[in-house]
Amino acid sequence: MQTRKTFSWIKEEITRSISVLLMIYIITWASISNAYPIFAQQGYENPREATGRIVCANCHLANKPVDIEVPQAVLPDTVFEAVVRIPYDMQLKQVLANGKKGALNVGAVLILPEGFELAPPDRISPEMKEKMGNLSFQSYRPTKKNILVIGPVPGQKYSEITFPILSPDPAAKKDVHFLKYPIYVGGNRGRGQIYPDGSKSNNTVYNATAAGIVSKIIRKEKGGYEITITDASEGRQVIDIIPPGPELLVSEGESIKLDQPLTSNPNVGGFGQGDAEIVLQDPLRVQGLLFFLASVILAQIFLVLKKKQFEKVQLSEMNF
């Protein structure tokens, strides 16, 4: 009898442990799946709108610079570097989800021409791998290999991101031609201000949802505030919830207006986008250009030699 009870107790404990582990896995997976750049991938078929605006700007409201460097021209079936720079002050700290301060992260989206894609590992040189570090790039969609995303990654280590790109070969891909192509890039540093569902993060300013008097301010145990605004004319009360992170700007008894900032804006990051151009160069055209330059140089040499020969003939005739 005692053995049966012990076995039953062990079985319950194992079942409970499995349930707890399963819940932790689900919560962790959900947290990861909602991280940048999954937000854009889940909500938009294409990260670049018809207006040219990259959709990351919908969540990262502050405008910051970003720079991209690519070769002026590349040959078919060649691996080259696309270097994206996301500059910011390394001394800055951002508000984390729990309201505490921490280092900024960065992320980027690179929109390449059709046919261009991430270079396979066996085509990447050791020098390029060293520049890439431990970054793991992914396609925006399985069917959109020309659109690459990365992030969030530590900004102090990866404010300069090197993408290894493989150029297409028009001989193998009939829809690719030897032309000049545009490349678009978007880069952010720090957390966003708006979530995809339209709700605010704690990395933005909070405004009053009503006009009136600040009748009560309650500081929550885990951080953040609960602000009660009383409309003296109607006697109506509105409660605004402020999450941990932003600093409070108002005090009890203060008269405020509708949409007046209740907090500071803690955001120190932002998003920027840029573009560049790259030429997919025809090797035959390059060979033709080299042949032409060689012909010009040879012609110049022959002209110089002919001129010297003519001068010698003239000199000999004058002496005669």
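Cβ atoms here come from the backbone N, Cα and C positions, even for glycine.
Quantities reported herein were computed from a predicted structural model and do not represent experimental measurements.
The annotation heme binding site is assigned in Swiss-Prot to Y36, C56, C59, H60. Per Swiss-Prot, the feature signal peptide maps to 1-35. Per Swiss-Prot, transmembrane segment is recorded for 286-306.
The binding-site residues considered are C56, C59; of these, C59 has the fewest other C-beta atoms within 10 angstroms of its C-beta. Under 8 Å, Cβ to Cβ, and six or more positions away along its own chain, H60 (heme binding site) finds N188, G190, G192, Q193, G269, G270, F271.
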